[in-house]
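Q: What TrEMBL shows for this protein is this:
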BINDING   C98, C101, C142, C145  Zn(2+) binding site
BINDING   E117  Fe cation binding site
Amino acid sequence: MAESNDALDSALKKLREQHVRVTPQRKLILDYLMTHENHPPVETIYQELAPKMDSLSLATVYNTLNLFVELGIVIEIPNENGGVRYDFFGRPHYHAICENCGKVTDIYDPNLPQINEMLKNTAKQQSGYTFNSSHIELYGLCPECQAKGVTLAS
């Protein structure tokens, strides 16, 4: 729980440093993303939160998520049908994504910062780009789909 509060405080601090008002709507959306690891699309976030706050609109959720993505607090994860899901990125992690059902699982690795630096350095050497962020996604089959006998074409 302390880790969750630290992450929330850090995210709110980042908003204030960028001179972004911390509105009740923004705080509610941020808290939802921090406490739900379901990587929801915008519609799910709105449906879950609208009953809790009358002043929350779908447009507010879209705009808030776009702001959070721009500030690096939240990342977008493309889903299997061309839409986008959202994930709080307070604790660095990468994603395992099921190619069959679309399930996204957070993977925490203590070596991730070093892995990211190595990848960015290699990419810079080969491309000349400079990088400010990276997100790693691994695709395969989740345990549930494997149990159903689903296989991937090689």
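Numbering starts at 1 and runs along the chain as it is shown here.
Each Cβ is built from the backbone N, Cα and C atoms, and glycine gets one as well.
What TrEMBL says about a protein is an automatic prediction, not a curated fact.
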Q: Work out how many Å separate C142 (Zn(2+) binding site) and the residue listed as 'Fe cation binding site' at their Cα atoms, rounded off.
A: 28
Q: Other residues with Cβ within 8 Å of the Cβ centroid of C98, C101, C142, C145 at the Zn(2+) site?
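A: For the Zn(2+) site the neighbour list reads E99, N100, G102, K103, L141, P143, E144, Q146, V150.
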Q: Please report the Cα separation of C145 (Zn(2+) binding site) and E117 (Fe cation binding site) in Å, rounded to an integer.
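A: Cα of C145 (Zn(2+) binding site) to Cα of E117 (Fe cation binding site) measures 33 Å after rounding.
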Q: Cα-Cα separation of C98 (Zn(2+) binding site) and E117 (Fe cation binding site), in Å?
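A: The separation of the Cα atoms works out to 26 Å.
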Q: Per DSSP, to which secondary structure element type does C101 (Zn(2+) binding site) belong, with helix, strand and coil as the options?
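A: DSSP call for C101 (Zn(2+) binding site): coil, neither helix nor strand.
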Q: For C101 (Zn(2+) binding site), which residues in the same chain are close in space, meaning a Cβ under 8 Å from its Cβ, but six or more apart along the sequence?
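A: Listed in sequence order, they are C142, E144, C145.
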